[in-house]
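Enquirer: Let me give you the structure first, and then I'll get to my questions.
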Amino acid sequence: MANPSLLILPGDGIGPEVMAQVRRVIDWFGANKDLVFDVSEDLVGGAAYDKHGTPLHDDTMAKAQEVDAVLLGAVGGPKYDDLDFAVKPERGLLRLRKEMDLFSNLRPAQCFDALADFSSLKKDVVAGLDIMIVRELTSGVYFGEPRGIHKEGNERVGVNTQRYTESEIARVARSAFELAKRRGNKVCSMEKANVMESGILWRDVVQEIHDAEYPEVELSHMYADNGAMQLVRAPKQFDVIVTDNLFGDVLSDCAAMLTGSLGMLPSASLGLPMGNGRPKALYEPVHGSAPDITGQGKANPIACILSFAMALRYSFDEGANADLLEGAVQKVLADGVRTADLMGPEGGTPVSTGEMGDAILAALDAA
Ligand code: IPM
Ligand code: MG
């Protein structure tokens with residue numbers, strides 16, 4: 001059988017730096033676990049704009065559709081702030097999500113024991129935290145029509161549209177229930193059914209899918225504003241949270257910060273199964289391109305490395321190897337190896353991006 005294929009899109013800012021460490025991890029699995037990937041690399045975001053005048057070249061889009069999984073670093077940076085909306089780096093990422101139809105975005109927020117002190121919340125509120133946010137990623141206000149800025153009389157009006165079809169809600173709900181079955185068997189669905197019709201429909205459809213197909217999973221509903229409050233009050237009450245595109249964007253950043261560092265969190269964006277049974281998939285760290293530390297060797301590569309672990313788990317059915325990689329990361333953190341973003345009040349000397357990579361490879365060797 002042919003090797004599984006990976007398209008790597010390092011992107012902008014710290015993207016290339018953290019991705020370089022992922023390449024080393026991929027090579028480690030090839031050399032030590034007989035898990036060889038056909039890896040190709042291409043441009044996305046500002047890097048693609050600089051070369052092609054577009055944040056995602058059509059050839060790159062076509063390649064992304066063909067491979068077994070895409071691994072993305074980060075997009076964006078101040079250099080591109082004044083670009084026309086249509087060619088902003090973020091549009092490259094949004095096009096990938098939309099055209100690959102990656103409707104289910106998995107954003108785990110897990111608190112590593114060694115880092116429980118780093119959260120802005122009290123240690124006992126976050127220690128052992130393990131929640132999964134499932135964010136709808138291809139519809140809602142991000143893509144709804146009409147949209148735009150137009151003139152009414154002598155002032156401008158900005159319009160975006162929140163729009164969801166039943167089938168869009170149903171498929172992401174199923175994906176959340178399936179995940180819950182393999183975890184704590186609980187789903188909390190979040191919307192604003194008190195003010196939005198699309199929220200009423202969301203709540204109805206999630207309930208219908210539950211009753212018809214997943215009655216054994218515990219389901220609750222919450223208004224998204226209360227959800228945000230509960231996430232910082234008592235986050236351990238949650239197992240899987242399912243929500244729309246915009247609420248998911250906000251709530252997942254909130255959940256991410258509970259864990260102490262945005263530099264730690266991976267994500268998976270999954271679509272429908274392809275001919276080979278694997279889902280269309282894109283994996284990326286939750287953090288952005290971090291222009292303030294770009295090129296200084298300070299970036300934490302863990303979120304990107306853990307994104308590759310998610311690829312092993314969700315695209316390649318390599319759960320044991322995903323466990324191995326996640327275990328290596330945990331070991332390194334328990335040993336006190338820290339990039340600058342993970343330095344606590346007690347201080348110490350941070351390691352560089354490459355040294356964090358070294359430590360993780362050494363932990364893999366030792367495992
Ligand atoms: C995210 C980001 C993106 C989003 C941006 C970069 C377009 O914030 O992945 O959460 O809003 O979806
Ligand atoms: Mg976001």
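Placed from the backbone N, Cα and C atoms, the Cβ positions cover glycine too.
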Enquirer: According to TrEMBL, Arg97, Arg135, Asp225 bind substrate; which one of Arg107, Arg147, Arg233 is annotated to that same site?
Expert: Arg107
Enquirer: In sequence order, what residues of the same chain, 6+ apart, have a Cβ less than 8 Å from the Cβ of Asp249 (Mg(2+) binding site)?
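Expert: When sequence neighbours closer than 6 are ignored, Asp249 (Mg(2+) binding site) has Arg135 within Cβ distance under 8 Å.
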Enquirer: Which residues of the same chain, at least 6 positions away in sequence, have a Cβ lying under 8 Å from the Cβ of Phe85 (NAD(+) binding site)?
Expert: Arg91
Enquirer: Across all the protein chains here, work out how many other Cβ atoms are within 10 Å of the Cβ of Asp225 (substrate binding site).
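Expert: A 10 Å sphere around the Cβ of Asp225 (substrate binding site) contains 13 other Cβ atoms.
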Enquirer: Say we define neighbours as other CB atoms within 10 Å of the CB. Which of the binding-site residues Asp81, Asp253 has the fewest?
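Expert: Result for the binding-site residues Asp81, Asp253: minimum number of other Cβ atoms within 10 Å at Asp81.
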